Structure formats: C-alpha cells, structure tokens
Amino acid sequence: MRSLKLIIHREFLAKVKNRTFIIMTFVSPLIMVGMFFLVAYLANLNNSETRNLAILDESNLMIHDFVSSEKTKYHDFSTYSLTQALDSVKAKAYYGLLYIPKEDNIKALASKIELFANKTPNGAFVANIEQQISHKLTNKLLTQQGVNLSKIDEAQTQVSLKIENFSGEETSKMSMIIKMIFGGVAGYLLMMFIIIYGNMVMRSVIEEKTNRIIEIIISSVKPRTLMLGKVLGTSLAGISQFLIWVIIGSVLLGVVSTFLGGQLSSEVATANIPNALDQASMLKAQLVLQEILALPLGQLIVCFLIYFIGGYFLYSAIYAAIGAAVDNETDTQQFMFPVIMPLMLAVYVGFFSVIDNPHGIVAIVFSHIPLTSPIVMLMRIPYGVAWWEILISIAILIGSIFFFVWIAAKIYRVGILMYGKKPSYKELIKWLKY
Amino acid sequence: MLLVAEEVSKAYGNYTALNKMSIQVPKQSIFGILGPNGAGKTTFIRIINQITLPDSGKIWLDGEPLQPKHVQYIGYLPEERGLYKSMTVGAQALYLAQLKGLSKKEAKRRLEYWFERLEIMGWWNKKIQELSKGMAQKIQFIVTVLHQPKLLIFDEPFSGFDPVNANLIKDEILKLKEDGATILFSTHRMESVEEMCDYMALINKSNKLIDGKVTDLKQEYKTNTYQVEIVTQQQAELTEVLTTHFNLLPNKFSSIHQGEKFTIRLKTGQTVNQLLQVLIKYGEVHHFVEQIPSVNDIFIQTVTANA
C-alpha cells in the first residue's frame, strides 16, 4: 500500500511537472476559444460579402417581386438584350445574371429560367432564388385559376407534434436535440479522455523500459502494483487537467458572454426596438433550460463518473500492456488499431444507432459490451434507460476490468523485461502462460 | 547460510532457462555465479529477487522461505540499469529508497552520508541526463546499498565502469562485506571478480557445473604445473632431463629476466622438491611459481569434461 502511494505520487508529479502537460493544460483552452472566434469571424467574413444579381425579365412577370436586401442586391437589366446584359454583368463583376425569357405558359416558363454566373454559385443562394421564383409562379398560377391568395394565407396551419411517452413524460423536438447533444458530448469526451490519458500511461511504461530503470523498481515492488500506480497517478493528473479546463473554460465563457451580452444590450438600447423578438428568444432559452433540467442529470453525472473511471481503467490496462510489450513508441502502431477500433465503433454506433433508436437492439447490445459500453451507454442515458439495465452493464464492465487488468498485468510482467524485438500477437498469448 | 536455493528450475515455453539450480551462500561471503551469456544467470538472479517466479524449487533467505517482504533485505543492481532521465538525482534516490521501505527522513540522512562519502553532493539537484554514464552508475550503486540489505546482488557489476570507478566500487563492496553483508555476483567476465569471490558456482546452458569454495576448487583443479625460469650453461642437457622425467609443456608465460623458461607438469607421484632438486643442479632458479588454474581454466575444463 505504501509503495502504491509512492508510485502514484511520483507518476502524478512526473506528469504534472512535464512542460508539455503544463502548456497543454493552460494553452489549449485558449486555443479552443481562439479557434472558435476565428471560425465565427471567418464565417461572418464570408457572408458579409454583398452579392449583386442582375435580372433580365423578358416576361415582365416578377421583376418587381425581387426586393434587395443587405446581402443581395437585385438590378433590373430588363431593358438590355441577353448578350448586352451578359457583357455588362461581366464588366461590372456582378455575381450573376438571372434570365427569365418571354413565355406565356407559366408551366413552360418554369423550366426555361436560367442563372448565369462566373463561378459555380453558392448552393444556398441558388436554393433561395429557386424558392422565390417557385413561390411567385405558383401564386401566379393560383390567381389565374381564380384562387384568392389571402384565403390561402389564412388557411396556412403550423403543426408541431407534442410527443409524449406512455408514462406521461412530455418530450419535444427540442428535447430530442438536447438529449442528442448531451449524450454525444459525454460519449465523445469519454473517448478523447481514454485515448489521451491511455497514451500517457503507455508512454510512461515505455519510458521506464527505455531508461532501463524498470528492473530496479520491480525488485522493490510487484509489477502489478507499479502498473496500478501508473494508471492511478496518470488518471489523477488527467482529472486535475480536466478540472483546470473546466475552471478556465467557465471563466472564459463568463467573460465572453458578459462582453457579448453587454454589446447586444447596448445595441438594443440605441435601436430602441420593441422587445417582441427578445421576448421570443428569452422564452426559447427558458424552454431549453427546462428541457435540460428535465434530463436525468444526476444519473448522467454519476454514470459519467462511473463509466469514465471504468472505461479508463479498462483501456489504460491495455495501453500499459502495449507499452510493456514494445521498446519504443513507433512499435506501438500495430497494437493501436485494436484499441482505437472499439472506441471509434462505439462513437459511430452512438451517433447513428442510438440517436436513431435509443432502445433498439444494436444500441442495447453495444451498451453492454464492455469495450463500447462506457460510450454507448452514456449516449443512451439522456433518453432514459432503466436502472437495472445500467446496473447489468456496469457489472459486466467491472467484471471485464478485473479480467483485462489480470491479462494486462501478465503481459506487463513479462514484457517489461523483454528487450530487442517486437513481439507478435502469438508471443503475447504465450506470455500469458509464463 | 544466508541464501539457499534448492533445485530451482524455470522454463519459458519449451526453453529451459534454468535446470535444478542449487547453491548455498554462507553469511558474509562473496559468492560468484559465473557462466557465459545465456547460461541462466540473470534468470536465477531474477528468481531470487522475486521478479520471476520459479516453476519448481525452493529458496530460503536467512532461514525463511523467500517471500515478498524480503525485498527490503535485498539490494539488487541489475545488468540493465538506468534511472529516470527527467528526475533530479536527489528526488529519484529518495523515491527508490522509500520503495525499499526506508522512511523519507532516514533515506535523506543516509543519502547525504553516501553523497558526501563519494563526494558527489553537488549532483543532488542535477537531472540524470546531465550526468555521464559513470556518474549515473555511482548513483545506482548508492541506491542499491542504501537500505543496508543483508544480501547484495550485482549482475555484471563492472560493465560500463572505468577502471578508477570500478576499483572504487570494488573497495566499497569489500567494505560492505566487512560490515556484515553477503554479496552475490553474476558475470560472464570471470576474471573480473575471481580475486574477490570466496565461493563460486559455474553454470553453463542452464545447468550448474560445479560450485564450492574458490580455494578448494582451485586445489581440486590444479594440475601440478610450474613455471620455471633458470639461468643455466647446460641448456640442452637440462631440456633433455626435463623431457624424460617430467611433462614439458609449451611455454606460455613471459618474464622480465633473460634466463631459460619452462612450463613443467609433474607426473603422478612426483613432488615439487624432486623437480627443484633437478633444477638446482643445472643453474640458478630465478622464477618458480605454481600455475594456479584461473576460473576460466576451470570453466573450460569442466565444460569439455561434461560435453
């Protein structure tokens, strides 16, 4: 016990004092936030460009229906011929030319309208124009048939289904999205943690091998104690890193939101717009908050911790065994694939099967297989999973942890004293019998 | 007896690394396990250190069957030895000493004693990567002996040491023996430790060939061969007499004198004095030494005898 504590202490300090770790801990949240702003800025830059669209409407049907906005300016070129218009658009470097030929039959006209553009135009922009034209032509046809348009407008009905399960809990589309986000983020975070900290465990095992200190240490402590100490010490370092990220993240978020919020409210004040819009968004925010609070949050947090610790233990035992089996990091490649694969599989199953059908057979099976259960089950929990199902899954996970740690410890014991050649899977199995 | 091994065997798959190894190491002695590379020395030493478990056989340490708590009575300097590159000398010496069961305070006190004794106090806050290989080995030596183990095990102790440091370490090892420690060497460079060892065991291809007190073994394996240098006027006659009465061997030794050199083996029943009497008749004897078999000679003899 005493040596385990010593090893955990050393491993923790070795990780935390490492320069890369310190930089990662403090700089990566800044980079993340920076990236976020950069992406937002670039997206904004891309959209802020004003598009000039010339319209040559020979039919004279809808030239007056296009209303220029901030982002798209429409120019009436109806007095030109098509060739003149094209030359002029080119000379003025407009975004494009919309050509509506003369055609009395509206149905026929619909397939004859053309958009000329220098570059392939933005898909959303084309869709927008198409929608506008379609809307106008439909209305024209309807009026031709003697239909009163205002009656149609009146008759328009918006439908939003209220979804309720048999026990009477209400759900809505909003809550589906929120569940998806919560489950997805939890599952994805777990995968990232397992890969990052698992790799740390592996590297520190390899370090002891390449430094040739391993034999000195295992003449004092049992290899299993050393392995356990490494896994625990690294996980403590990981948890500290995570906590620091959470703190930095929430501080940054606070700063950003007060900054943005302040800007927003000052704009509102100067513009003096009636607050109808504001109220609507407030209502929406309240709804989101309600949905979040309606989630099994306590269960989610407890399960996140359990599955995080369980999954991390399971995988870092494997990582430690891999580290022991090889001499240097480049040799780990062939063993990495079987480790990464179940993790990737879990995330894919989570994002496709679980979100599609949280209680389908695929989701249920994968939330019980120990290598994928931490991620898949976490993604399922927001949709409501019976407690006994979670208990079974956790029991399987814990059982497998003991099994995998036992296997890993055997490979570890033999592997740390083997130098020189990269073992094959066959040899690893042989080691289990030594 | 401090350490007793009884028919210890270990196999890796189909390969037998060690076959029924038995030795007895008396208290306060230096015991050498000698043999070529791959003979099974390191396997045996790892079994004593409880790094590897034997398939069969028993080991006693100081009268008790070997068990996990014994690690604190053993100091082990493995052949593959290194230290954490990015830790400071002081921090990792403290860490390793604490793993052996010393309290932090006690470890620090003893480390200071050793660091001052070997005059390396200035290294305390340095990182291992700033030290030379020889310097790092001094630290490893200190860490090995710091917890005052009853049994010290050195696997290839002098590989990598320069002659000055090797001598320093040899002196320290002899002093540890005087202070009551028992020392187990393992090496394939037999000449490097033979003058230090009181007992030895020769192993080859996983099997023990012979073991016992070094002086007894040398006695047993001596061939009654003498190296002689004599200044004589009757060289031809002497050679003839020697060839007829004794076995004259090819001359392999060198000397700083200018006389005639012979390597002579006595025939069964002959005594040293008979040889001397013959020699004195022919001239002045400047050099007369019994050829004591080296561990290397004994090894080669037993290997060829067993083959």
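Even glycines carry a Cβ here, placed using N, Cα and C.
Taken from TrEMBL, the feature domain 'ABC-2 type transporter transmembrane' applies to A:20-409.
Feature annotation from TrEMBL assigns transmembrane segment to A:21-43 (among others).
The transmembrane segment annotation in TrEMBL covers A:176-197 (among others).
Sequence-distant neighbours of the transmembrane segment (A:231-256) (same chain, 6+ residues past either end, Cβ-Cβ under 8 Å): 4, 7-12, 14-16, 21, 24-26, 28-30, 33, 193, 196-197, 200-201, 204, 309, 312-313, 316-317, 320. Annotation source TrEMBL lists transmembrane segment at A:231-256 (among others).
Away from its own ends, the transmembrane segment (A:292-315) comes close to residues 169, 175, 178-179, 182, 186, 190, 193-194, 197-198, 231, 235, 238, 339, 343, 370-371, 373-375, 377-378, 381-382, 384, 390, 394, 397-398, 400-401, 404-405 of its chain (Cβ-Cβ under 8 Å, at least six residues beyond either end). Residues annotated as transmembrane segment in TrEMBL: A:292-315 (among others).
Per TrEMBL, transmembrane segment is recorded for A:335-355 (among others). Same-chain residues lying 6+ beyond the ends of the transmembrane segment (A:335-355) with a Cβ under 8 Å from its Cβ atoms: 180, 183-184, 187-188, 191, 194-195, 198, 315, 318-319, 322, 325-326, 362-363, 366, 369, 371-372, 374-376, 379-380, 383.
Here TrEMBL flags A:361-379 (among others) as transmembrane segment.
Tertiary proximity for the transmembrane segment (A:386-409) is limited to same-chain residues at least six positions away from its ends with a CB under 8 Å from its CB atoms, namely 223-224, 227-228, 299, 303, 306-307, 310-311, 313-314, 317-318, 320-321, 364, 367-371, 373-374, 377, 432. Annotation comment: TrEMBL describes A:386-409 (among others) as transmembrane segment.
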